[in-house]
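The structure appears below as structure tokens.
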Amino acid sequence: MARALVQSTSIPSSVAGERTTKFNGSGKTKRAVTMLCNAQSSSLTLRDFTGLRGCNAIDTLVRSGETLQSKVAAATYVRRPRGCRFVPKAMFERFTEKAIKVIMLAQEEARRLGHNFVGTEQILLGLIGEGTGIAAKVLKSMGINLKDARVEVEKIIGRGSGFVAVEIPFTPRAKRVLELSLEEARQLGHNYIGSEHLLLGLLREGEGVAARVLENLGADPSNIRTQVIRMVGESNEAVGASVGGGTSGQKMPTLEEYGTNLTKLAEEGKLDPVVGRQPQIERVTQILGRRTKNNPCLIGEPGVGKTAIAEGLAQRIANGDVPETIEGKKVITLDMGLLVAGTKYRGEFEERLKKLMEEIKQSDEIILFIDEVHTLIGAGAAEGAIDAANILKPALARGELQCIGATTLDEYRKHIEKDPALERRFQPVKVPEPTVDETIQILKGLRERYEIHHKLRYTDEDLVAAAQLSYQYISDRFLPDKAIDLIDEAGSRVRLRHAQLPEEAKELEKELRQITKEKNEAVRGQDFEKAGELRDREMDLKAQITALIDKNKEVSKAESEAADTGPLVTEADIQHIVSSWTGIPVEKVSTDESDRLLKMEETLHTRIIGQDEAVKAISRAIRRARVGLKNPNRPIASFIFSGPTGVGKSELAKALAAYYFGSEEAMIRLDMSEFMERHTVSKLIGSPPGYVGYTEGGQLTEAVRRRPYTVVLFDEIEKAHPDVFNMMLQILEDGRLTDSKGRTVDFKNTLLIMTSNVGSSVIEKGGRRIGFDLDLDEKDSSYNRIKSLVTEELKQYFRPEFLNRLDEMIVFRQLTKLEVKEIADIMLKEVFERLKVKEIELQVTERFRDRVVDEGYNPSYGARPLRRAIMRLLEDSMAEKMLANEIKEGDSVIVDVDSDGNVTVLNGSSGTPSDPAPEPIPV
């Protein structure tokens, strides 16, 4: 594109006159351009250098930078035949990126039409196609679009031959437009050439094809010029008011492009109100009033309101409630991502940043706010280049640049503290997390904004619930951010609920879709009579749906008018959002759930036979937690279940998970025999840095983070290494544990159950006196004696600080023969269910059941021998018969024991045996 400018017959005199003006290049480049401009004759023609002199001239001119403008202009210095003329680089240094884009689009339009030149008409198409500049906006407001303009251009000049050179030259009129655009910029007091100046130059030239195109499209050139001047004036006023500092009125394109004026937004009322944070805002004001190193850096956890402090300062400045040191200043937030974006060539980023710093220094009324200030480090750095932090350091130290930074504690430590030279230039301002009471006040200040957005109302109870519930249940985020998110999502939920179609309308919509589908099929099948009937039905349904929607809107409108500003968000909505986020039930207990909780022991006893003490203790803990009476800073409950093997310690935890938490999989189970060695203990919280598995997290901490409301079972706790007990002290007391990455995991909504076989030998010795021959009082006294002995054993095995943190130590009883018989019924039912899947009906006789209990009863081993007896006597016999094809799908089978004690399997479809079996007992 730039080579096309070489075709100029003379250097514009206005450009040649720029020899004495400021030139944005190195000293060497300035001298080269001055030399070339001075070498012109009175007609301002310049003969190209040849040979070695030409190469040197090229090198001298091109080696000045890598900006977009210089890239375009550099192409003009390549060797050309004698008599060739070009536009000097100084003109392109003044082009904005939008103006460069216009010229490039003009070339594309020339190629599209097959023309080997760029005239005024192509520049006009480029101005329209650019789309975002002042020129494009004015032309669009006049009703001129790219499609119509292309048609008019093609009507006037037609299409070219199709052969287009790589370098398309500019026509003399197009060069005249460029010259006039520079003059227009000077007259407006601008030190740059934008798309608006190109349009003004185009209108001023007034004799090219572009003028005819505008005339044909019905646009008045004088009206266009007036609109451009007006928009340029408004832009200047806006920039002067928001960036330039009022009196100077100078335009600051770099700051305007990469920054957002918070003070202007505050004046327009577009910022959320800032409640509290007075000490932090005053400290920031004090630091900004210093002579040097006047750069505060807001440091705090994510979501505590660091950006809000900068917005609060902008609001104070807008209201005039600040000391004279910063009165009238503008807070501009800098978008670092936008500043870096698109810098493809070396030097572009540095040039943008230097321009931005120059504009801030010239204004002397700008306070720069950089959110995520740690992104300065490394921004724009490439091989051999320096990053943004090092470019800004001198200005930050001397007080030439007032900058407010904001970053998190981790990022500050990771990036800024590693660079002491940068750290000393920023003065840290700690931003603590607000308390629950402060958060409630913040929510009250924001309430009006969210009510307007969601078109509903919040009560004070909603705001209190949002602050308290978010503090209690959402542990991995910080106030006030998580509380604000709660009321925001609750408002969205209520609004969507009220905006839904009534059920009747949904049914009609479903029917309408089906009828439309049938109508289309009828049309395709050329059954037009049926299609006509369906069309009539379709129109009828549409009318009904429209009537229902209108009626629903009227009802909603009436409700809104009755409630002043719309639906009401309730505390239950806030609770529902917390539950959906965390999985923790915080809603009020419903009638059905209340009945379930009251009958919890009865339900658990359908699976757990005996062990009343343990079942009652767990049920009490769940009820206490569900109604909100538990200590909010400790787990729901922590138990240690001790007793002989096979009496239901682990089974009770599984039954609780299945009944109350949904399934056995909802339980987090850790077999402590896997943590017997010292080096395996770290698996609970994650490997330390430098070890394999560091990034994966701990088995315990990660499981609880994903499912904070659950049962955690530490099976066979006495098998664990003693270091595990040290780790569990803070879980049992404070309900928290820090993993290997320093993240705090919340155990306040978990039920901790530890099982142990410590004391089983004592129970076995004393168990001989527990049986059918003892009455109730003797059983209780024997159990109490054994319980005290087991407790002593536990005290000898575990350290006192560990046992002292447990809520209860529950000793399980040995199973009696009657209890084993009930357990046998439960186990047999499980076998029946497995066979029912295979369509085999199984029944057992009373004799068989007694045989199973006799073989499976062992007071020392609990119910596990019973499981082995059922497997040997029933499952093995059934498996042999099924493999021998004696039992098939659909058969009814009775299992009995003959007079010799052998198990017999009787198939109901194979006839009656000679010795009839007794009546089967349903289990």
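Using the three backbone atoms N, Cα and C, a Cβ is placed for every residue, glycine included.
The domain 'Clp R' annotation in Swiss-Prot covers 92-234, and the record cites sequence analysis as its basis. As annotated by Swiss-Prot, region 'Repeat 1' applies to 95-160. The region 'Repeat 2' annotation in Swiss-Prot covers 170-234 and rests on sequence analysis. According to Swiss-Prot, the region 'I' annotation covers 255-502. According to Swiss-Prot, the feature ATP binding site maps to 300-307, 643-650. The domain 'UVR' annotation in Swiss-Prot covers 509-544 and rests on sequence analysis. The region 'II' annotation in Swiss-Prot covers 569-760.
Features per Swiss-Prot, on structure.
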residue: GLY300; record: ATP binding site; Cβ within 10 Å: 21
residue: PRO302; record: ATP binding site; Cβ within 10 Å: 13
residue: VAL304; record: ATP binding site; Cβ within 10 Å: 22
residue: LYS306; record: ATP binding site; Cβ within 10 Å: 24
residue: GLY643; record: ATP binding site; Cβ within 10 Å: 26
residue: THR645; record: ATP binding site; Cβ within 10 Å: 16
residue: VAL647; record: ATP binding site; Cβ within 10 Å: 28
residue: LYS649; record: ATP binding site; Cβ within 10 Å: 28
Structural state census, the region 'Repeat 1' (95-160) (DSSP three-state): 47 helix, 2 strand, 17 coil
Secondary structure content of the domain 'UVR' (509-544), with strand meaning DSSP E or B: 33 helix, 0 strand, 3 coil
The region 'Repeat 2' (170-234): DSSP-derived helix, strand, coil residue counts: 49 helix, 2 strand, 14 coil
